[in-house]
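**Student:** A single structure is presented below for examination.
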Amino acid sequence: MVAVERVESLAKSGIISIPKEYIRPKEELESINDVFLEEKKEDGPQVPTIDLKNIESDDEKIRENCIEELKKASLDWGVMHLINHGIPADLMERVKKAGEEFFSLSVEEKEKYANDQATGKIQGYGSKLANNASGQLEWEDYFFHLAYPEEKRDLSIWPKTPSDYIEATSEYAKCLRLLATKVFKALSVGLGLEPDRLEKEVGGLEELLLQMKINYYPKCPQPELALGVEAHTDVSALTFILHNMVPGLQLFYEGKWVTAKCVPDSIVMHIGDTLEILSNGKYKSILHRGLVNKEKVRISWAVFCEPPKDKIVLKPLPEMVSVESPAKFPPRTFAQHIEHKLFGKEQEELVSEKND
């Protein structure tokens, strides 16, 4: 196994300038600004906040209003802050505390959980290799593992320290799975489909996978030159994200980068490519990226809700296709879609393909 330099080790080594592999291309650098100043901006578009309190209300009108708000945000932005989502605040805190404690271990201790991408062992502790669209490195380390369904997990690679990691993360994954069902139902109704339709199309209760990725973005001596994660869209159906209230997430909306605010007790939710394909482009999978900073470590906990890799062919649903709105996406399995994005797919191509 090839030893990989961890970004955390690099950040703690006392360097004042970052290695050239981390410096973004000139055309990107023009749009990278101070994240704390960006977050304070009140003018211009803001990521919507959606209150899910009434998503299952017995009052039909109240329920419909909630579904309509969720639908609008999914058609327009494809990303939102969810509040009153039903996941206990103390459970979210436990998940964050467990992840923070794991990443506070020494790099040597974390290396016991190292993944090995070269051999296909993708679960575990890792750092980005230069196999992304730009061939460059990103300012982050991470921990990745399948979190749900329980029978498909490999607990042997989950952190043993802290002791609450497995219990807190397992409980959180169960709660997110229930939340995903509520969201899928609302988004199905929003498209004029039967409530259980979208969830069935992505594998249903048996096959939908929840993959947990804890992203650790160390302090960066030259944040104006680097990105924590480069611009991409999520391949998932839905992505749910917690963070440690340090700003960094940016969305490419109406031709400009918009910095997401930190909303207490919220969960950020992205619509992923999978739902964009099924809805024939109605629901948006938005291009997004992560900024880094000099002052504070940023940590985010992303859970990707993904269909099985080969069992389902993803294509626009027949109800979403018409003479006026022909299919925008060719049929492909989830595995083929991932491959399609990994190999030579520049963002410009992705965007132009969506607009074709």
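The backbone N, Cα and C atoms fix where each Cβ goes, and this holds for glycine too.
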**Student:** In Swiss-Prot, the substrate site includes Y142, K213, T233, E306. Which of K72, K96, K97, K341 does it also list there?
**Tutor:** K341
**Student:** Among H243, H288, which residue does Swiss-Prot annotate as binding Fe cation at the site that also has H232, D234?
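**Tutor:** Matched candidate out of H243, H288, per Swiss-Prot for Fe cation with H232, D234: H288.
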**Student:** Enumerate the residues of the same chain, H232, D234, H288 excluded, that satisfy the criterion Cβ within 8 A of the mean position of the Cβ atoms of the recorded Fe cation site; list them in sequence order.
**Tutor:** V229, A231, T233, T239, H270, S285, I286, L287, R289
**Student:** Do me a favour and check the Cα-Cα span between I299 (2-oxoglutarate binding site) and Y142 (substrate binding site); whole Å is fine.
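**Tutor:** Here the two Cα atoms lie 9 Å apart.
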**Student:** So how many of the residues in the domain 'Fe2OG dioxygenase' (208-307) end up helix, strand or coil by DSSP?
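**Tutor:** Counting residues per DSSP class in the domain 'Fe2OG dioxygenase' (208-307), I get 6 helix, 45 strand, 49 coil.
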**Student:** Taking only same-chain residues 6+ apart in sequence, whose CB is under 8 Å from that of Y142 (substrate binding site), what do you get?
**Tutor:** Y125, G126, S127, K128, K213, I214, N215, Y216
**Student:** List the Cα distance (Å, whole number) between Y217 (2-oxoglutarate binding site) and H288 (Fe cation binding site).
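**Tutor:** The separation of the Cα atoms works out to 16 Å.
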**Student:** Could you tally the C-beta atoms, other than its own, that fall within 10 angstroms of the C-beta of D234 (Fe cation binding site)?
**Tutor:** 24
**Student:** When you tally the Cβ atoms that lie within 10 Å of each candidate's Cβ, which of the binding-site residues (Y216, Y217) has the highest tally?
**Tutor:** Y217
